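Some features that TrEMBL has for this protein:
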ACT_SITE  H172  active site
ACT_SITE  C214  active site, nucleophile
TRANSMEM  369-388  transmembrane segment
Amino acid sequence: MHSAGQQLATRGGSPGGHVTQTLGVMAARRAGSCTPVVFLLLALCSWLQEGLGQYNEVCTSRFWFNYRHVANTLSMYRSVKRLGIPDSHILLMLADDMACNPRNPKPATVFSHKNMELNVYGDDVEVDYRGYEVTVENFLRVLTGRIPPSTPRLKRLLSDDRSNILIYMTGHGGNGFLKFQDSEEITNVELADAFEQMWQKRRYNELLFIIDTCQGASMYERFYSPNIMALASSQIGEDSLSHQPDAGVGVHLMDRYTFYVLEFLEEIHPASHNNMHDLFQVCPKSLCVSTPGHRTDLFQRDPQTVLITDFFGSVRKVELTKDPVIIKPHLEQRQKRFSSADAMMDAVKYAHQLPVSEIIHQKPKPTEWHPPSGFILGLWALILLVFFKTYGLKHMKHVI
């Protein structure tokens, strides 16, 4: 079994690139809490700052007939932003630009609902990695942090051991693999080893993995790292089906599983008490046609105690106390420091030294020009030289 590190050494591509398939990755650290959140949507959307989590969304599919995969990713991107995740904590990777595709009947738009009711490609979409930057190697490098030092912070997965990471992936796959740009694949072994590297390097606290692809459950069967919960749209041997064909666009707009997950997320708000067990039930076989699956044996908490906002939103944890907090001594110290005579004199002197109003409106004084020393003498010498060369000594008597 090859490790993710060995796979990185053998794969081609630029070390600083990123993945662009219909995957989604998000990493999010909750604001003000000690357990940040990281969300990966394999269209790669990642974020993590102090008080927030990291989100990584990756769309791995190209070509117009895979329109729904980009719509899946952008719809998930829209949902987590609605729940408080800023773009600074989201890595968005799109393998193809459907909004600018010449077949698009309405340029600069991507719709996720029939009759073109909802455009998920708005003015505020920030795509971090496009086109051929989206590769298996670059995706694994983003997860494990093995990227060049020159890579900007906004293109890094800045997670740590307090971060809850959500990884959402969507695209074309099979038993044990997911295709990237119809030219290469990431295997379930590579993905499992990458998660193990993340755990060893303390890059996450808890990780939620969601994948919408054919035979999606095969992608999480090799996971072995702790604190990972996984969901898939289909079991081994099953196809993951599309949804909402649109005559105007000419293709299906979304996949079934992602459609019903997003329908569930639209009812979530930051104060919601819905848990992960509720998410398991959003798309039964009667709606998805395929059989969704989930795996929780590596996760240490009961899914019924894990809130949806632990992974999908930015929620501040506030600790309430009835004990009094004494702040008066601190105020007295500050007042005493600013009321001392020395401090007041220093402030006055400083104000006198820097008359701000005069500095702002003051015009620069013109500088007087003085010729350098010896300039006049040299000028006279030049005049005499020109005179002698022009008239010669025979004309001196007339001058005298």
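Note: Cβ is positioned from N, Cα and C throughout, glycine not excepted.
Note that TrEMBL annotation is computational and uncurated.
You'll find the Cα of C214 (active site, nucleophile) roughly 7 Å from the Cα of H172 (active site). If you draw a 10 Å sphere around the CB of H172 (active site), it holds 19 other CB atoms from the protein chains shown. C214 (active site, nucleophile): 20 other CB atoms within 10 A of its CB, across all protein chains.
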